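The structure appears right after this line, and notes come after that.
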């Protein structure tokens, strides 16, 4: 061991924060020894280890990225960190961890989980403990990002971050996973976004692990087993394991060995072991001469899997807080100034896993109340708050082994055998004392959860020793028993059962009383405290962040607005929280019906159910055309037009409804509209991304129209303009491939997120577009056929068949293929990668068909399909371009959701353009750039893909900037509207020439200018109407 005095020993106050992690990493990079301190005045540890400097980190939380874990190979034998654990005698024991041991654990974990730089992890455990700090090391070394939640583990926050694609990995201990499994409905449809999960070393049943596998089907789920002295000694690959082996703690990997000695104790050997320990100021070895570390854990090995059977010394694991019975006994006896008569064992606890049982010999002079007080005080020092939930059992004698050791398991069995009868008797007595139905329910629930009987109507939940986790359980049971939520919440105010019932009876407003009852029930259930006063705050009652999160989730489910629920973190009491609700009750009642209306409208349009009022339209996968449909329905529901338009800015239903009902908000919007009439949305990234995509689509539609008409116009100009068409050829050529790829980008940006939420929601949209295109194709064919008849041409089946072919025909089949494509693209791989593979397969198929040279058919029923395979707008070549666009659209959306930069996309666009130019030159086709019309070549696709990418990223950057240019904003908005109307405009422009031919055949004078005027009039009308819906009047 290298723990010499010439190295700096840094004491760092142990806090779960960003500054703590950065402080430890910084110390490691300097080669210092880091020691966790309980506080700034932790003289015991400072004196023991000769700490030369103390660092007090800030309590900062949130995202951490670009944090490099230092490589300390040259110091692999040096001590890096000193962690403390309780010894069997109750005195602190310092465990010495080397740089090499930490590095080995990090490397093995990275390998077993196949972690890469794409990881974005929600670390649900404190990062100042071994488990959480290990996750920080692994993620940082991989080049990923991790998130330290400000209020601890929160399933609701996790679900929201998954929904927004901000995280793809989660780490937590089994106790926290059990809380998450109680809210599985939050993760339906988004569980597959989780790619990595690590579970701590507490016991977790096979059934619980199977639930996690089902909830997160694409995740690599790893549970580890280890100790402070031997971190992560085995790994169980839950995602690959079936059957009874899920009850194990896995296998040892990569140079780590695990064996079971003759006495059944687990032994561990490997490079990850601690270098030693300091006990009673003496430095000691941990391993024997063969390098084996013998644990105090019992276990067995079957088929290579390690089965953990418990601690030899009956360690008690209370929701992650580990208690050693011998240490507790010694401390209690010391405070009681007694030498014998106390035995500590463990009994099951449905929420925390285990809790301590204090047994005492009845023939001793031990006062029970003094024993309870001392035991609570001692356990609190060891990190566990039992309070009145502490179980105490008198015994005539302790069961002993032949060697004189207490048989703790038999003590636990003795307690449990008497528990059921005791609970029933206490419940009966309490019910006789309280005729009130609510009091009966509260007594039953509290006694059942706290295992205390009888409970007085004048006791509060926290006076009875309830903690935050048990309080969560109580409130949940109270709600299920039909107790109003507002009454439930009074548990957190410290009110007694009698006070809660009296408050309920004396409350004038039944609605307000109901809310108070609900809150009291929730708080009492979570904190296991009774009674709770409505004037206590959650943290005054001893609630922690974890239980506060559980409470807020249940409050939300109870219909309490999110912003009101969050008041719990501000330290407000139940009375103050309900008061906040009461002050806005009129507004809330007014909002309720409109909120329901909007939710119904959005669900009907998007075919997604249920929809949260806190989701924005674009987050749900809505596109601009659907948004227009929704805004029209919202106007009919009585929402003002200017408020309806906020849907295009990315606002949620909650924001929209409150804006429509709050005069201040409405006036603010009106004022902003007057001052900045043409300013695009600049704060909602997905809305800006939608605008950018629609703008590029609109530009390409106009280029497509231009390509069909502009050459003819230029040909009629003076000879000096004769060469203009040559130089405009690259623009003319952009319409077909560019529009195909921006069509694909819409699939990746809009349709794939919608498909993820509800696969059935895409089919109606596909059919809607197919009907629109099919109608356009039919009208187009009819005009061509009628025109031919008017000109006296012969009409046969083949002519009729060919009349239906145009680029619209491809898009007709493409939109019908959309549900099939999405199902195939989401089968196994990442969506964007699947799109690239599909593009390769489509283009390869196109080349094969082209090489076969399929001949045209005279059969009018077969010829359309031959055209679909071989014509200029053939299915496979066009679909290859669509798939490229879909991949890019999804990548861009994910980057926006993750709040990343699109600069790299712009650079990629430039590289694609350069590649296309080089390819065309290398293939001897450079001259084709200036030919129009022409077919499509391999280099066509990367060139116009680059153009599309640059267009989207450029407009997005402008739309999210703080700079405004009135005329340019209006121009952008017009193009956005044109993009939304892409298919109608595309269809209308295809009808111009057939209509002109028909009018000419009918000898209508000025046929061409007439059709052009009709086209532009119709387009101008549609653009104006849609502009007014989306942006208001043009100024």
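Placement of Cβ uses the backbone N, Cα and C atoms for every residue, glycine included.
Automated prediction, rather than curation, is the source of TrEMBL annotations.
Values in this document were obtained by computation on a predicted structure and should not be read as measured data.
Feature annotation from TrEMBL assigns domain 'Carrier' to 433-508 (among others).
Annotation source TrEMBL lists domain 'Carrier' at 510-585 (among others).
Among the features that TrEMBL reports, domain 'Carrier' is placed at 589-664 (among others). The average pLDDT computed for the domain 'Carrier' (589-664) is 70.
Residues or ranges marked as transmembrane segment in TrEMBL: 731-753 (among others).
With a threshold of 8 Å between CB atoms, the same-chain residues lying at least 6 positions outside the transmembrane segment (765-783) that come near it are 607, 623, 626, 751, 754, 800, 803-804, 806, 808-809, 811-812, 815-816, 818-819, 983-984, 987, 990-991, 994-995, 997-998. Residues annotated as transmembrane segment in TrEMBL: 765-783 (among others).
For the transmembrane segment (803-822), the residues of the chain that approach it from at least six positions outside its boundaries are 736, 743, 747, 751-752, 755, 759, 762-763, 765-767, 769-770, 773-774, 776-778, 780-781, 784-785, 838, 864, 867-868, 871, 873-875, 878-879, 882, 983, 986-987, 990, judged by C-beta separation under 8 angstroms. Look at TrEMBL and you will find 803-822 (among others) tagged as transmembrane segment.
Within its own chain, the transmembrane segment (834-855) is flanked in space by residues 744, 748, 821, 824-828, 866, 869-870, 874, 876-877, 879-881, 883-884, 886-887, 890, which lie at least six positions past its ends and keep a Cβ under 8 Å from the stretch. The transmembrane segment annotation in TrEMBL covers 834-855 (among others).
For 875-892 (among others), the entry in TrEMBL reads transmembrane segment.
Feature annotation from TrEMBL assigns transmembrane segment to 904-921 (among others). Listed by sequence, the residues of this chain that lie at least six past the ends of the transmembrane segment (904-921) yet keep a Cβ under 8 A from its Cβ atoms are 888, 891-892, 895, 928-929, 937-943, 945-950, 952-954.
The list of residues near the transmembrane segment (941-959) in space but at least 6 beyond its ends in sequence, with Cβ under 8 angstroms from a Cβ of it, reads 680-682, 688-689, 691-693, 695-696, 699-700, 733-734, 737-738, 741-742, 745, 880-881, 884-885, 888, 892, 896, 902-903, 905-906, 908-913, 915-917, 919, 972. Per TrEMBL, the feature transmembrane segment maps to 941-959 (among others).
Here TrEMBL flags 971-992 (among others) as transmembrane segment.
For 1004-1023 (among others), the entry in TrEMBL reads transmembrane segment.
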_Intrachain neighbours beyond the transmembrane segment (731-753), with Cβ under 8 angstroms and 6 or more residues off its ends_ = 618-623, 689-690, 693, 696-697, 700-701, 703-707, 710-711, 725, 762, 765, 807, 811, 814, 818, 821-822, 825-826, 831-832, 835, 872-873, 878, 881-893, 932-934, 936, 940-941, 944-945, 947-948, 952, 982, 986
